[in-house]
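**Q** Residues or ranges marked as transmembrane segment in Swiss-Prot: 1-21, 32-52, 66-86, 94-114. Summarising the annotation, Swiss-Prot assigns Na(+) binding site to 73, 76 and lists sequence analysis as the type of evidence.
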């Protein structure tokens with residue numbers, strides 16, 4: 001049953017990531033869909049950390065697997081981010097690649113912290 005929960009969550013997360021991926025062509029070197037997926041995933045995992053820490057006993061263990069491992073794992077994408085950064089670096093756009101790394105890391109960590117602390121205020 002665990003594998004089904006993870007697989008279903010991953011399918012939903014990947015579908016949302018594919019929809020967000022449609023935003024990628026809107027900016028020359030910042031793939032907005034990938035950035036949006038990672039920042040949204042960071043926000044949601046921060047929230048989920050609090051929910052499952054404070055009220056984890058209220059949820060079936062498969063729900064946590066569905067949300068955190070499945071959905072958020074399917075939504076966020078380190079491999080796509082890595083390939084986009086590599087493409088910039090490989091084409092000589094070193095500064096753009098470094099900026100993209102900084103933007104992803106800073107925004108995603110900030111979103112995770114925001115999700116965590118805002119959810120703690122509500123719980």
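Backbone N, Cα and C define each Cβ position, glycine as well.
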**Q** Okay, the transmembrane segment (66-86) and the transmembrane segment (1-21): do they have at least three CB pairs under 8 Å, pairs separated by 6 or more?
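**A** The transmembrane segment (66-86) and the transmembrane segment (1-21): touching, yes.
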**Q** For residue 76 (Na(+) binding site), what is the secondary structure state per DSSP, taken as helix, strand or coil?
**A** coil
**Q** Against which stretches of its own chain does the transmembrane segment (32-52) lie, if we need a Cβ under 8 Å and a gap of at least six residues from its ends?
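**A** 13, 16-17, 20-24, 26, 59, 64, 67-68, 72, 75-77, 80-81, 84, 103-104, 107-120, 123.
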**Q** Measure the Cβ-based neighbour count of residue 73 (Na(+) binding site), defined as the other Cβ atoms within 10 Å of its Cβ.
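**A** That number is 18.
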**Q** Test of understanding: give the count of other CB atoms lying within 10 angstroms of the CB of residue 76 (Na(+) binding site).
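**A** Around the Cβ of residue 76 (Na(+) binding site), 21 other Cβ atoms lie within 10 Å.
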